[in-house]
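Engineer: My questions will all concern the structure given below.
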Amino acid sequence: MRPCTVTFNLAAARHNLAVVRSHVGDTRVIAVMKADAYGHGAVRLLPAFADADALAVSCIEEAMELRAAGARRPIVLLEGVFRADELELCALGEFWPAVHSEEQLRMLEAARLPRPLSVWLKLDTGMHRLGFDPARAEELVARLDACPAVLQVRVFSHLACADQTESPSTVAAIERFRTATDGLGRERSLANSGAILNWPQAHFDWVRAGLVLYGATPRDDRYGPDDGLRPVMTFTSELIAVRELAPGEPVGYGEAFRARERMRIGIVAVGYADGYPRHAPSGTPILVERRETQLVGRVAMDMLAVDITAIPWARVGSSVTMWGEGLPAERVTDIAGPYEIFCALGKRVHVRVVDERP
Ligand SMILES: *Cc1c(COP(=O)(O)O)cnc(C)c1O
């Protein structure tokens, strides 16, 4: 069996949810599980987030998968519905669709459903992706209130720069949201992971926790453990070959790396087809036998090379950690970031699920 393995720790996921609660007090927590729980497997992680007040995904396909797997909480559809016939499924499944466009609003106005549903009106407070002009909040809430298909209207928006601790645009977005929604008397949500950690004034009634639940922090120059988080995903493999390089000898495709002095090199059974970022440069941190060392040369489809000169006891079969326990994913790539590498795991990687306290 090829040793390339990803281990998911449910205890770490529960711990991270508790960390979120410690930041937000009585504010309710939506566990964001879109994109198959950021590549961790939504069904697999569901038991760890059973205590969240609600779940969130991008689309109804993801919501139905979670419901079929036994999810009991309401499930927010962050992009709302794509077609009108999804609304009936929302009503029956207790899915709470976002309403971010005039098209979605009109679908709701025309809908006659077996029972009315709860929706989240999305305002655009500066990200300029989805959502309505906040100045229209009152008028839009009134239109939704008038829909026979609508039971309850909540209001939300999304921040573009909440990961930064100093951010005039975030201050402005929070103010814009507050001003537009203060008089509405509706439950509100603005904060993602960055704002949960950095911007308590953005917590309102519900926070939407994504990345932090998986143990990584979006904050600049910090890593998950600095914020008390534990990695849920640990990506490991083993050395399958060891060799010596003489000064000047290259390793890997394109001879992209050359030894400056005598060097011991380990070849690891992991490549970009497994989800290791192909553009990770020489010098990217990696653990061999729990000791930190560096990637050298180009990442190939099935293999990569590491410097084991300073780890003389490393041999074929030695453990390698690409990221996770002992090496935060945030350290691995500045280019892709933890969001992207979590979502990119390859199909052939073996999966283990554990439930281990530290
Ligand atoms: C993905 C997403 C979140 C969670 O973001 P994190 O930075 O991972 O916490 C929150 N809200 C919306 C609308 C999202 O799309």
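Start at 1 and count along the chain as shown; that gives each residue its number.
The backbone N, Cα and C atoms fix where each Cβ goes, glycine too.
Copying in the features that TrEMBL gives for the protein in this structure:
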- LYS34: active site, proton acceptor (ACT_SITE)
- TYR253: active site, proton acceptor (ACT_SITE)
- ARG129, MET301: substrate binding site (BINDING)
- 232-354: domain 'Alanine racemase C-terminal' (DOMAIN)
- LYS34: N6-(pyridoxal phosphate)lysine (MOD_RES)
Engineer: Is it possible to get the count of other C-beta atoms within 10 angstroms of the C-beta of TYR253 (active site, proton acceptor)?
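Structural biologist: Its Cβ has 13 other Cβ atoms within 10 Å.
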Engineer: Under 6 Å from ligand 1 by Cβ, which recorded positions from ARG129, TYR253, MET301?
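Structural biologist: Passing the 6 Å Cβ check against ligand 1: none.
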Engineer: Nearest to TYR253 (active site, proton acceptor) by Cα, among LYS34, ARG129, MET301 (recorded positions)?
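Structural biologist: It is MET301, whose Cα lies nearest.
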Engineer: Using Cβ atoms only, which residues of the same chain lie under 8 Å from MET301 (substrate binding site) while being at least 6 residues apart in sequence?
Structural biologist: GLY271, TYR272, ALA273
Engineer: Tally every other Cβ atom lying within 10 Å of the Cβ atom of ARG129 (substrate binding site).
Structural biologist: 10
Engineer: Roughly how many Å lie between the Cα atoms of LYS34 (active site, proton acceptor) and ARG129 (substrate binding site), rounded to a whole value?
Structural biologist: 18
Engineer: At a 10 Å cut-off from the C-beta of LYS34 (active site, proton acceptor), count the other C-beta atoms across all protein chains.
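Structural biologist: LYS34 (active site, proton acceptor): 20 neighbouring Cβ atoms within 10 Å.
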Engineer: Pop the mean pLDDT for the domain 'Alanine racemase C-terminal' (232-354) in here, whole number is fine.
Structural biologist: 96
Engineer: What are the DSSP helix/strand/coil residue counts across the domain 'Alanine racemase C-terminal' (232-354)?
Structural biologist: 16 helix, 49 strand, 58 coil
Engineer: For LYS34 (active site, proton acceptor), what is the secondary structure by DSSP, using just helix, strand and coil?
Structural biologist: helix
